[in-house]
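**Student:** I have a structure I would like to understand better, so I am pasting it below and will then ask my questions one at a time.
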């Protein structure tokens with residue numbers, strides 16, 4: 001077991017023993033050292049994500065349906081099959097990332113995504129589009145869960161919302177500039193005998209593929225690996241993480257027991273319902289916002305451009321909420337606030353009000369829902385050990401993204417221009433999210449209070465659950481774990497008495 005949790009008498013990456021490195025306190029870093037490493041990791045992970053989101057809603061307005069002779073609900077079917085493969089492969093993708101290493105898995109995922117996206121530009125009928133969308137879902141399935149899991153292992157719990165929000169905000173910004181890009185590319189209609197929609201896929205696919213190549217060298221692996229940090233720097237960073245995340249982030253060998261634990265924990269299923277409640281309005285807006293704006297009375301071109309400002313607003317709200325959430329170390333209250341904003345927005349869209357007011361409502365919907373995606377994702381930081389967290393996060397995204405199948409089929413053209421059915425369903429899912437997050441907040445608060453009452457109040461920085469501390473004979477007695485082995489203590493993860501949940 002000792003080879004996995006780096007105890008103080010183990011030889012480290014630089015050949016020094018833990019005793020030579022000094023006490024745990026001697027491994028504390030200065031603020032400048034922390035900022036330098038965080039900056040390196042953030043630059044290595046986040047920028048790539050900005051190139052990996054293309055909105056098929058833009059292609060619809062660029063003539064895809066007409067050129068491929070799509071009829072009835074064939075366009076909606078093409079949207080739906082993407083999520084069949086996407087959802088199915090999200091659960092095994094994170095354990096695969098742990099096994100294959102992030103730089104290999106993320107690079108492979110991005111290369112595959114770019115290649116399939118490019119080939120989507122050469123399809124010429126409904127069957128080809130459907131097959132391409134199915135393969136695109138398979139290629140894309142491992143990216144977001146993988147990057148999210150990677151970020152939770154590199155950052156303290158009170159930092160995770162901001163760094164994951166950078167990814168989510170990049171998606172919002174990509175949606176905004178994707179609209180501008182699509183507006184420009186649509187004017188290539190007819191070039192090379194291809195429609196504007198085909199050039200959207202081809203050019204954005206090529207960009208994604210080219211940006212994926214450096215990921216093999218630049219994407220970091222997990223903190224315990226030697227790819228980014230070595231020697232004393234590695235020990236210091238691992239110590240910093242251990243102080244904050246306790247035994248939940250301690251590297252362990254794979255075991256099916258850890259995976260099963262994720263699925264037998266009732267909270268996993270409530271988290272999944274919480275996420276599907278957020279994802280449904282997010283996907284609805286992502287897929288159909290240009291269409292919704294068009295039905296407000298704007299032309300196709302103007303609808304594409306008018307989809308940009310709400311996503312710019314979402315970029316701002318996502319980062320603002322993340323900063324506040326991390327500073328207060330609170331998650332649930334911000335999710336509740338965001339989803340209430342979404343409900344107000346959709347209520348305005350359903351109402352019989354002016355076009356300008358309805359367009360304003362789109363800002364509320366996008367600006368309220370987007371911050372909730374990252375904030376809900378960081379709640380998985382309450383899980384441990386690492387393979388339990390990986391499996392829970394995969395299930396979280398897999399079930400949650402079933403919302404995309406729903407969203408793809410609730411905005412038929414026959415319900416235009418008010419789309420009352422689609423908007424009403426989004427309101428219902430938003431209410432479900434508020435109920436789920438309230439249940440989780442109450443449960444986590446009650447368990448934290450129980451542990452405080454039984455074992456005493458722990459240090460605010462989480463250091464009482466430090467893997468090196470909890471294995472000492474004195475600490476085993478303190479936590480009532482005398483009869484457990486080192487492996488069993490570390491595998492307690494978030495169930496360790498010294499761990500406290502973020503609400």
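Glycine is treated like the rest: Cβ placed from N, Cα and C.
The following feature annotations were taken from TrEMBL:
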- 1-27: region 'Disordered' (REGION)
- 35-450: domain 'Major facilitator superfamily (MFS) profile' (DOMAIN)
- 41-63: transmembrane segment (TRANSMEM)
- 75-93: transmembrane segment (TRANSMEM)
- 105-123: transmembrane segment (TRANSMEM)
- 135-155: transmembrane segment (TRANSMEM)
- 162-185: transmembrane segment (TRANSMEM)
- 197-219: transmembrane segment (TRANSMEM)
- 270-293: transmembrane segment (TRANSMEM)
- 305-325: transmembrane segment (TRANSMEM)
- 332-353: transmembrane segment (TRANSMEM)
- 359-380: transmembrane segment (TRANSMEM)
- 392-411: transmembrane segment (TRANSMEM)
- 423-443: transmembrane segment (TRANSMEM)
**Student:** Relative to the transmembrane segment (359-380), which of 197-219, 270-293, 392-411 accounts for the most Cβ pairs at distances under 8 Å?
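**Tutor:** Per the Cβ under 8 Å count, 270-293.
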**Student:** Could you tell me what the rest of the chain brings near the transmembrane segment (135-155), counting residues at least six beyond its ends with Cβ under 8 Å?
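**Tutor:** Here the qualifying positions are 38, 41, 45, 49, 52, 81-90, 93-94, 96-98, 102, 105-106, 109-110, 112-113, 115-117, 120, 163-164, 167, 220, 222-223, 241, 249, 377-378, 380-381, 386, 389-390, 393-394, 397.
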**Student:** Cβ pairs under 8 Å only, please: of the recorded stretches 197-219, 270-293, 305-325, which one is richest in them relative to the transmembrane segment (105-123)?
**Tutor:** 197-219
**Student:** Take the C-beta pairs under 8 A between the transmembrane segment (270-293) and each of 197-219, 305-325, 392-411. Which stretch has the highest count?
**Tutor:** 392-411
**Student:** What else in the chain is close to the transmembrane segment (392-411), if you only count residues 6 or more beyond its ends and a Cβ gap under 8 Å?
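**Tutor:** Cβ under 8 Å, 6 or more out: 73, 76, 79-80, 82-84, 86-88, 90-95, 144-145, 148-149, 152, 262-263, 265, 268-269, 271-280, 282-284, 287-288, 291-292, 377, 380, 383, 419, 421-422, 425, 429.
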**Student:** Looking at the domain 'Major facilitator superfamily (MFS) profile' (35-450) alone, can you tell me the average pLDDT?
**Tutor:** 82
